[in-house]
Structure formats: structure tokens, C-alpha cells
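Novice: Just lifted these from Swiss-Prot, have a look:
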REGION    1-267  region 'Amidoligase domain'
BINDING   13, 188, 189, 190, 191, 192, 193, 224  UTP binding site
BINDING   13, 148, 149, 150, 188, 189, 190, 191, 192, 193, 224  CTP binding site
BINDING   14, 15, 16, 17, 18, 19, 71, 240, 241, 242  ATP binding site
BINDING   54, 354, 382, 383, 384, 385, 405, 462  L-glutamine binding site
BINDING   71, 141  Mg(2+) binding site
DOMAIN    292-534  domain 'Glutamine amidotransferase type-1'
ACT_SITE  381  active site, nucleophile
ACT_SITE  507  active site
ACT_SITE  509  active site
């Protein structure tokens with residue numbers, strides 16, 4: 001029978017519930033179990049697709065085109081699985097589904113209520129995730145903190161699941177904070193005690209408490225927490241700040257967390273073999289070289305907006321025993337006068353995805369600098385579109401060239417709406433989303449990176465290169481190295497007379513893994529290292 005683990009959080013948000021859940025998933029997978037994982041977000045948006053990155057961070061796109069929480073990126077990178085649309089559920093999705101059923105008459109004229117209708121819908125999403133993947137273990141992270149009014153239906157639903165399928169098939173893990181008061185020189189357990197009290201008042205008794213802390217947790221403190229929270233002392237797990245995220249699974253294993261889980265769920269699996277993972281962490285901790293990449297974006301104040309990009313750069317660096325340092329450059333501050341000062345000390349330049357016109361001209365200046373000074377360049381989504389616009393303006397001399405998204409009245413719409421997007425009015429869930437094939441031209445940097453004729457990558461865009469300009473740009477040395485199989489849509493562009501200048505319409509960062517870097521990032525970092533060594 002499928003087992004279910006629920007991860008909740010208390011005291012404050014951003015405690016690392018997602019990393020805890022992902023780390024446990026990796027440990028259980030390495031015990032030979034088929035693991036899937038999902039995130040329940042209590043906000044009323046249907047998905048984060050239309051939310052500002054300042055509100056939510058990165059939008060992570062799955063193979064099947066779901067726009068999801070950034071924690072799914074952690075899940076995929078840690079557990080090395082590809083998730084789907086069932087892996088992220090919001091209050092908005094739940095209510096939308098229930099209301100549609102009510103309109104269809106599926107409730108037979110009954111009064112639709114939070115209990116049982118909303119809670120039953122939540123439970124169905126939990127069970128469906130296990131059914132769709134045939135999982136041995138389903139890990140479900142509940143977003144927000146215990147006590148939030150938005151979370152109550154989710155907590156009630158996961159409480160009911162234990163009654164539905166039995167205590168041996170359900171486990172509750174609660175993540176909390178033990179703050180350190182510097183002035184007093186003390187760590188305080190009271191917030192954790194109150195958080196667990198709140199959870200228990202809702203009918204959920206945690207089986208494991210994971211305490212986030214800056215300082216070591218003494219045995220006396222663990223005993224105190226165990227007493228007040230009514231759990232075994234060994235089930236108080238310390239989650240101290242780590243030098244690398246990838247060390248967290250090893251820390252949890254050292255404290256036997258995965259064994260406690262298996263004992264509770266009656267899973268008789270051998271211990272997790274973490275030899276390869278340990279080697280990865282040792283490599284990460286002992287990188288001998290450095291390279292610096294400029295990330296020119298408009299959300300640089302909130303680095304979570306580009307978390308998969310940064311992780312993909314790091315993964316690529318691991319292959320070359322290199323620590324990739326990211327220099328955050330606010331695109332709004334970049335001008336032709338100061339670009340040398342802002343990016344001149346870096347070994348490569350990356351322009352990531354985005355929407356809207358803010359910071360666009362600064363990104364174009366940075367791209368021009370990379371092109372003219374032979375600095376390795378990687379453009380992603382909007383970065384690819386702006387690389388095309390920069391070339392049209394400054395090489396072809398098409399003054400005023402732009403994207404119709406940024407300037408609907410541009411005389412040269414180098415980037416324009418996809419034909420199928422012309423009549424779309426809704427913003428949410430209407431982009432070109434998910435995994436699509438890309439055919440690569442031989443003897444190009446893109447082909448050399450992948451070494452395959454056709455690759456599949458994840459997309460999230462509404463605008464596309466305007467084929468009207470392809471012949472003139474090709475004549476001038478602009479290479480269309482990747483297209484859709486029918487040749488209609490431009491997927492990858494690069495420059496002929498440049499050491500390494502590649503830009504992709506898709507989001508290659510979404511499929512990178514710590515032990516298997518994404519090919520374009522791998523070659524971009526290699527080119528950046530070569531550039532540094534040649535200076």
C-alpha cells in the first residue's frame with residue numbers, strides 16, 4: 001500500500017520545508033523506494049504563473065506544462081525525478097474544481113461546504129499523485145505555517161487521511177525554528193512548543209520535529225522538546241544552517257531520520273546508499289577554481305526569482321572543479337557608459353527570462369557588450385529575444401527594432417506573438433508551456449553541447465522570433481542553430497564569429513541536476529573558464 005508523509009511548518013515561513021522534504025525523498029529513493037512528492041500552496045491563485053517573482057520567486061515549469069512553485073525545482077534536483085501537473089496544488093485549483101462540479105450537478109443539489117467537499121477534493125489530489133506515479137511513498141509539503149487561516153482546510157484534510165487509511169500508512173513531520181537570542185546567549189524552544197500545540201489542537205500529532213537552528217541543539221533541549229511535544233527524543237531532528245543545500249540529506253541520514261520514517265511506516269528496506277551523493281558534496285565543498293558570471297536581470301533583489309538558473313550554473317561548475325560566482329547586475333542600471341564597469345570583471349554574461357519592458361534596454365546593452373567583446377554569452381527566453389533584437393539594431397542597422405510585446409508600434413517586430421496567441425485574452429495558463437522538441441543544426445555550438453540531432457526542453461513564452469527577418473540575419477552571421485522539427489519556430493540562435501554566444505527560447509535551467517549538468521550551461525561555463533584563463 002502507498003505510504004503518505006506530510007511536511008508542515010510552524011513559527012515562520014521559509015524554514016526549508018521544501019529542502020527537508022526533498023532531502024527525505026532522496027534518502028527514501030536511495031533505499032529503493034519509488035517516491036513522488038507534491039506541494040500544496042494555500043493561496044487562492046490557480047497557479048503562480050501570473051504572480052510577480054517578488055511575491056513568489058521563480059515559476060518552475062514541469063514537462064507537461066504546469067506552472068508551479070519553485071520548491072518543485074528542489075524536488076526534481078534532489079530526487080532526480082520529473083514531476084507533473086499533479087505535483088502542485090493550490091487553494092484556487094481546489095475551489096475551481098469544486099465549483100465546476102457543483103455547476104455540473106455532481107453534488108446532487110446538496111449544500112457545498114468546506115467539509116466535506118473541499119477537504120475531499122484535497123484528499124483526492126493527495127491520492128491521485130500516488131496513483132498516477134504508482135509510488136511507494138508520497139511526500140506532501142503543506143505551504144505556509146500552522147495557524148494561517150488559508151491552511152486550515154489542508155490541515156483538516158491531511159488529518160482525515162490518517163483516519164481513512166490507518167496510522168501505519170501516514171506520517172507527519174513538522175518543521176519549526178529554534179531562535180537564538182544573541183543578547184541573552186540562549187536558544188528558545190517556546191515558539192516550537194506553541195507551534196506543535198497549535199498543530200495538535202487541529203488533531204495532528206507530529207511524529208518527527210525538524211528544528212531549524214543556527215547553533216547546535218543540546219541533548220537536554222531535545223529531551224525538553226520531546227517531553228512537551230509528546231514525541232521520541234530521537235525524532236527531534238536538528239537542521240542546522242548548511243554550507244551547501246546538498247549536504248542536508250547526509251545530515252538527516254546521520255540522525256537516522258529516514259530509518260525513523262521507515263520504522264513508523266513499516267517499510268523494510270535496506271539502508272540508503274549515499275556513496276555517490278557524499279562524493280558530490282565533497283566535490284562541492286572542495287572546488288579549487290573560480291569563475292565569475294554576470295547575471296543581468298530585473299528581479300536581482302530577490303535571488304529566488306532565478307534560483308534554477310543559479311543552481312544550473314553551479315552544477316556546470318562542479319564538472320570543472322569550479323565555483324561559479326554570480327555577480328548580480330540590475331538591468332535597469334546598465335547603460336552604454338557604465339556597462340564596462342558593471343560586467344567588465346566577469347568571465348561570462350547571462351541574460352535570463354522575464355516579461356515586460358522594465359530593464360530591457362539595459363539587457364540589450366549588456367548583450368551588445370558580450371557580442372562586441374567576445375565574452376561568452378547565454379541568453380534564456382527573453383534573453384534570446386533581446387539577443388536577436390540587439391543584432392538587428394546594431395548589425396543590420398534596423399533602428400527601432402524591438403519586440404511587439406515591448407513596443408507594439410515598432411517598425412521592425414523582430415519578436416512577435418505566436419500565431420496561436422493572437423486571439424488569447426486570458427493571461428493565466430495560456431503561454432506555450434512544457435516540453436517541446438528542438439532540431440539542432442550540425443557544426444554549431446548548440447549541437448556540440450548536446451551532441452544529439454533532436455533534444456527536448458521546457459518552454460514558457462508567448463512571443464517568438466519573426467521569420468520575416470531570418471534571411472537577412474542569416475546573411476549577416478546570425479545562426480539559427482535550433483528550430484522546431486518543422487523549422488517554423490526558432491528555438492536556439494548563436495553567432496558565427498564569436499567564441500561562444502548562444503541563446504535559447506526555452507528554459508534549459510529547469511532540467512539541470514547536480515550530478516548531470518544541462519548541456520548549454522555546461523558549455524557556457526566551460527567557455528567562461530576558457531575566457532578567464534586567456535585574459
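Residue 1 is the first one shown; counting continues down the chain.
Note: Cβ is positioned from N, Cα and C throughout, glycine not excepted.
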Novice: Which Cβ among the recorded positions (149, 381, 382, 384) has the fewest C-beta neighbours inside 10 Å?
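Specialist: Minimum Cβ neighbour count within 10 Å, taken over the recorded positions 149, 381, 382, 384, occurs at 149.
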Novice: Cα-Cα, whole number of Å: residue 383 (L-glutamine binding site) versus residue 507 (active site)?
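Specialist: Spelling it out, the Cα of residue 383 (L-glutamine binding site) and the Cα of residue 507 (active site) are 10 Å apart.
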Novice: List, in sequence order, the same-chain residues at least six positions removed whose CB sits under 8 Å from that of residue 189 (UTP binding site)?
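Specialist: Sequence-distant Cβ neighbours: 178, 221, 224, 225, 228.
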Novice: Given the binding-site residues 18, 191, 354, 383, which one has the fewest other C-beta atoms within 10 angstroms of its C-beta?
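Specialist: Lowest Cβ count within 10 Å among the binding-site residues (18, 191, 354, 383) is 191.
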Novice: Round to the nearest Å and give the CA-to-CA distance linking residue 188 (UTP binding site) with residue 241 (ATP binding site).
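Specialist: So the Cα of residue 241 (ATP binding site) lies 17 Å away from that of residue 188 (UTP binding site).
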Novice: Reported as an integer number of Å, what is the Cα distance between residue 18 (ATP binding site) and residue 462 (L-glutamine binding site)?
Specialist: 30
Novice: What's the CA to CA span in angstrom from residue 190 (UTP binding site) over to residue 16 (ATP binding site)?
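Specialist: Per the Cα atoms, residue 190 (UTP binding site) and residue 16 (ATP binding site) stand 20 Å apart.
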Novice: Just to confirm: which same-chain residues, 6+ apart in sequence, have a Cβ under 8 Å from the Cβ of residue 193 (UTP binding site)?
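Specialist: Correct list: 225, 228, 229.
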